[in-house]
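Below is one structure, written out as structure tokens, with a few remarks after it.
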């Protein structure tokens, strides 16, 4: 719908009158900045300080999000969706964050990155089963995603100074995070699609408020709450790092939600995957590391995947690929009951 795109703002920047490529560039830039800072902070806290408290750190950063959202002027009175819409979404969101951060205690960075790099594939597959979306992707988009994933894995393994270190607990945690990620992006897109008046701030606010209580049981049951409290109390500057990381990640989160609202969950997942490749490549350019043949192969596959993704869709593409929001008007008269069935999100 046209109104859906007209309503989109990103930190005061109106995206309504901009060409689609400029919207993509602005949203992607915000995401890249936020998660580049996030990666640096995580490297410092988890590897330098050896503090592996994923659930607790996610809990603390949730309150930073709420404060930043308040500064943006959002209040619950501006909500356009009922609270129950965000229960399932919040559980998935907090579970994904906690498992991703917590898996670093059992997996080294190359191993975790190998798993997380495949995120785009389950997101695409799950899109076909989410009510309100029922997305079907053409074959060339699956090929594009596979090229991107394989290329990034090759580049990561060539970059790693140590081999991937696999732990059963770590693998289970990161696999759980991947499953939740596959639901997360598609559920967010479905909410934006079924109610285009939903703002990014509402999505982040409600997901955080409803999601924070979900973090308490695993923190208490694992004893992480008390361990993290004692460790951070002895190193108070860690909270400063967490707040700084949360502020940067907040920019990244809102930018990601903008990408999902405008371009869809699968495209956003490909952007987040490509970000990992760009981060690794920048490290080589900045620190002048030598590039090997495996690096070149990985970069070639990544470039092929991105190029294939950017190819224009054929005019006679299957209507199943289109978002529900752009076709409801034309399908209402033909498939009224079917459209109603798709609109039952939760």
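Cβ atoms are placed via backbone N, Cα and C, with glycine included.
Computed from a predicted structure; not experimentally measured.
Listed ranges 1-18, 91-108, 199-216; the one TrEMBL annotates as transmembrane segment is 199-216. It is 53-74, from the ranges 53-74, 273-294, that TrEMBL records as transmembrane segment. Your range for transmembrane segment, going by TrEMBL and the list 142-160, 313-331, is 142-160. The stretch with the most CB contacts under 8 Å to the transmembrane segment (199-216), chosen from 21-41, 53-74, 113-130, 166-187, 236-266, is 53-74. Outside the transmembrane segment (236-266) by six or more residues, the chain places 4-5, 8, 10-11, 15, 20, 23-24, 27-38, 41-42, 44-45, 49, 51, 57, 60-61, 64-65, 68, 120, 123-124, 127, 135, 137, 141, 145, 185-186, 188-189, 192, 198, 200-201, 203-204, 272, 323 with a CB less than 8 A from a CB of the stretch.
For the transmembrane segment (166-187), same-chain residues at least 6 beyond its ends with a Cβ under 8 Å from one of its own Cβ atoms are 88-89, 92-93, 95-96, 99-100, 102-103, 105-107, 111-112, 115-116, 118-119, 122-123, 125-127, 130, 133, 135, 260, 265-266, 268-269, 345. Taking Cβ pairs closer than 8 Å, the transmembrane segment (113-130) reaches residues 100, 107, 136-137, 141-142, 145-146, 148-149, 152-153, 156-157, 164, 171, 174-175, 177-179, 181-183, 185-187, 189-190, 265-266, 269-270, 272-273, 276 in its own chain, all 6 or more past its ends.
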